Amino acid sequence: MGLYRIRVSTGASLYAGSNNQVQLWLVGQHGEAALGTRLWPARGKETEFKVEVPEYLGPLLFVKLRKRHLLKDDAWFCNWISVQGPGAGDEVRFPCYRWVEGNGVLSLPEGTGRTVGEDPQGLFQKHREEELEERRKLYRWGNWKDGLILNMAGAKLYDLPVDERFLEDKRVDFEVSLAKGLADLAIKDSLNVLTCWKDLDDFNRIFWCGQSKLAERVRDSWKEYALFGYQFLNGANPVVLRRSVHLPARLVFPPGMEELQAQLEKELEGGTLFEADFSLLDGIKANVILCSQQHLAAPLVMLKLQPDGKLLPMVIQLQLPRTGSPPPPLFLPTDPPMAWLLAKCWVRSSDFQLHELQSHLLRGHLMAEVIVVATMRCLPSIHPMFKLIIPHLRYTLEINVRARTGLVSDMGIFDQIMSTGGGGHVQLLKQAGAFLTYSSFCPPDDLADRGLLGVKSSFYAQDALRLWEIIYRYVEGIVSLHYKTDVAVKDDPELQTWCREITEIGLQGAQDRGFPVSLQARDQVCHFVTMCIFTCTGQHASVHLGQLDWYSWVPNAPCTMRLPPPTTKDATLETVMATLPNFHQASLQMSITWQLGRRQPVMVAVGQHEEEYFSGPEPKAVLKKFREELAALDKEIEIRNAKLDMPYEYLRPSVVENSVAI
C-alpha cells in the first residue's frame with residue numbers, strides 16, 4: 001500500500017506511439033492492483049504518473065498491461081516500464097522492447113535475470129512456461145532447402161513475428177538505398193548498352209557513385225602480386241587461408257617443374273608456405289544466364305610468407321587432376337602477363353563465390369538465424385542468457401528473409417549474375433554444411449587449426465582473437481553472476497534445451513562436428529555463448545564489411561566467368577575480356593555491392609545497444625567494463641592503422657554491428 005511512481009517509455013521510431021488506451025496492473029508477491037490511470041503512449045516520450053494503491057503488494061514481480069481499442073488496433077512499441085514503491089524505495093525496471101498489439105494482457109517480469117534455480121519459490125515458473133509455449137507457436141523451424149541447416153518458417157516478410165521486422169527508420173533506409181542502386185543500374189545500362197568493352201579500363205565506365213578509397217586503390221593496384229596475397233590475409237574473405245603442413249595431393253607437377261617443387265618444399269620446411277584451396281567448387285553445376293553457359297573452377301593457390309609479412313603467390317592450379325587426363329597446367333608469376341592475370345581472375349571469382357555463399361550467407365546469416373530461432377523457442381525473457389544474447393539477434397530474421405526472396409531465390413540476383421546461380425548455389429551450401437565445425441566458429445581454435453596465430457601481417461587474426469577475448473570476459477561476467485557452480489549449469493533445464501535445440505535441431509545433428517548437446521560446466525557455457533555472440537557480431541562483420549572495398553572493382557572479384565578455365569598459357573586481352581562479366585552483369589554486381597556493403601546509417605555498434613534487459617548494478621557494471629574494453633581495442637586499432645599502408649578496419653568495434661542486420 002502507498003504511493004507508487006510509474007514511468008512508461010515509448011520507442012522513438014516512426015509509429016511507435018499509439019492512439020489506443022493502455023491500462024496497467026502491478027503484481028506483487030502478496031497481491032495485485034489495477035491502476036486507474038489510462039495512457040495514450042506518445043512516440044519517443046516517457047509518461048510519468050503517481051497512483052495510490054490501497055493493497056499491500058509486497059515485492060513487485062510483474063507489470064501487466066492491456067491496450068484497448070474501439071475501431072482500430074494501433075500498435076504500440078513499449079521500451080520499458082519502471083515503478084518506484086512507497087517512500088524512498090528503489091525504482092524497479094520492467095523491460096519490454098517489443099510491440100504491443102491486440103487487446104490481450106501482456107505480463108512483463110521484473111528485469112532481474114533468473115534461471116529456474118534462482119526462482120526456488122516458483123514465482124515466475126508459470127510465466128516462463130506460458131511465454132515459451134506462445135513463442136514456439138510464433139517461432140517455428142522451417143526448411144528453405146532440403147539438406148541445409150534449418151531456418152525460421154515463413155517465406156515472406158509478413159510471415160515473421162512483428163518484433164522481428166525492421167523498425168521504420170531501418171526499413172526506409174534499406175528500401176531507399178535499394179531504389180537508388182536500381183536507378184544507378186538503369187543509368188549504367190543505358191550508357192553502355194551500345195558500347196563495346198575491349199579493355200580492362202572500360203570497367204571504369206561503371207565505377208562511380210559512392211566508392212570507398214580502398215576500392216579506388218584496389219582498382220588502381222589489383223594486378224599487383226602483394227595485393228593479391230594480402231586479400232587472403234585481410235580481405236573480404238579471410239577464412240579460407242591456412243598454413244600448409246604438406247604439399248596438397250592435388251598438386252601434380254608436370255615434367256620440367258622440379259625447381260618449383262623444390263621451392264615449395266623449401267617454404268614448407270620453413271613454415272612459410274600457405275594455401276587457399278577452393279576444392280569445394282569442384283563438381284558444382286555452373287549457371288546458364290540468358291541461354292549462355294557460365295563456368296566455374298576449383299583453384300588451388302600456393303603462397304609464401306615473406307619476412308616483411310607480405311604473402312606472395314607462387315603457383316595457381318585452376319582445376320583438380322582427373323584420372324585419364326593430362327595434369328592441369330600450373331600457372332606461375334613468370335608466365336606471360338595475360339595468362340597469369342587470367343589465372344588470378346579465376347581465383348578471385350572462385351573466392352567471391354565461396355565468400356558470398358559459404359563464409360557470408362551460411363556461416364554468417366544462416367548460422368545466426370539458427371541461434372535466433374533456438375533462443376526464442378527455448379529461453380524465456382527472464383533467463384539471463386536470453387537477456388545477454390537478445391541484443392545480438394536484432395533484425396536477423398528480416399534480413400535473411402529478404403536474402404532468400406531477393407538474392408538467392410529463383411530468378412534472384414544469384415540466378416541473374418553469379419556463376420553459382422541457377423541451383424549451383426544451393427548445391428554448394430549443402431556441401432559446405434559438412435564444414436560447419438564448432439572449432440571453426442571459435443577464433444582461438446580456428447586460427448590455431450589454420451596456422452595463423454602469430455602471423456603478424458594477419459590483422460584479421462589479431463583483431464578477431466582480441467575481440468573474442470573481450471566478448472568472452474563479458475559473457476564470463478554475466479555467467480558468474482547466475483551460475484555459482486558447475487552443478488547449477490547442469491541443473492538448468494532451459495539452458496540445456498537451448499544448447500540441444502541449436503545442435504541437434506537447428507544445425508541438423510552437428511554433434512559429430514564438435515557442437516555440444518549439453519553444457520556441463522561454467523567455462524563451457526562461456527565458450528558456447530561467446531561463440532554465438534561472436535558469430536553474430538565480429539565474424540559477420542569480418543566477411544561483410546569488406547565487400548564494398550574489394551568487390552566494387554569487378555575484375556578483382558568477377559561474379560561470373562563466361563569462358564571455361566584456360567588449359568594453355570596463350571591468353572590475350574581479348575580472352576580476358578570475353579571471360580570476365582559483361583557490362584550488365586558487372587553493373588548489377590556493383591549496385592548490389594554498394595547497397596549491401598556501404599556503411600549503414602542505421603546501425604548499432606557492438607556492445608552499444610540502448611536496450612537495458614538487465615536490472616541491478618552487477619550486470620550493468622559488467623556491461624560497462626565490456627564497453628570500456630571495446631573502446632580500448634578500438635583505439636589500439638586506430639593507432640595501429642595510422643601506421644599501416646593499408647589499414648584493416650573490419651573488426652574495429654566502432655564499425656562492427658551488434659547483430660546480423662544487413
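The backbone N, Cα and C atoms fix where each Cβ goes, glycine too.
Positions annotated as Ca(2+) binding site by TrEMBL: G17, D74, A75. A C-beta separation below 8 Å, combined with a sequence spacing of at least six in one chain, links D74 (Ca(2+) binding site) to S18, N19, N20.
Applying an 8 A CB threshold to same-chain residues 6+ apart, the list for I662 (Fe cation binding site) reads F174, Y395, I399, H544, L596, Q600, M603. The Fe cation binding site annotation in TrEMBL covers H360, H365, H540, I662.
The annotation domain 'PLAT' is assigned in TrEMBL to 2-114. Per-residue confidence over the domain 'PLAT' (2-114) averages 92 (mean pLDDT, predicted model).
For 114-662, the entry in TrEMBL reads domain 'Lipoxygenase'.
The site 'Essential for stabilizing binding to COTL1' annotation in TrEMBL covers W99. Around the Cβ of W99 (site 'Essential for stabilizing binding to COTL1'), the number of neighbouring Cβ atoms within 10 Å comes to 18.
Separation of the C-alpha atoms of H540 (Fe cation binding site) and G17 (Ca(2+) binding site): 33 Å, rounded to the nearest whole number. For the binding-site residues H360, H365, H540, counting C-beta atoms within 10 A of each C-beta gives the highest total at H540.
The Cβ of A75 (Ca(2+) binding site) lies under 8 Å from the Cβ of Y15, S18, W99, V100, E101, V162, each of these being in the same chain and 6 or more residues away along the sequence. Each of Y15, A16, S18, N19, N20, P41, W76, F77 belongs to the same chain as G17, D74, A75, is absent from that list, and has a C-beta within 8 angstroms of the C-beta centroid marking the Ca(2+) site.
Across the structure, H360 (Fe cation binding site) and G17 (Ca(2+) binding site) are spaced 36 Å apart at their Cα atoms. Cβ atoms within 8 Å of the centroid of the Cβ atoms of H360, H365, H540, I662 (the Fe cation site) belong to the same-chain residues L361, G364, A368, I399, V543, H544, V660, site residues excluded. In the structure as shown, the Cβ atom of G17 (Ca(2+) binding site) sits within 10 Å of 20 other Cβ atoms. Counting residues per DSSP class in helix, strand and coil order gives 0 helix, 66 strand, 47 coil for the domain 'PLAT' (2-114).
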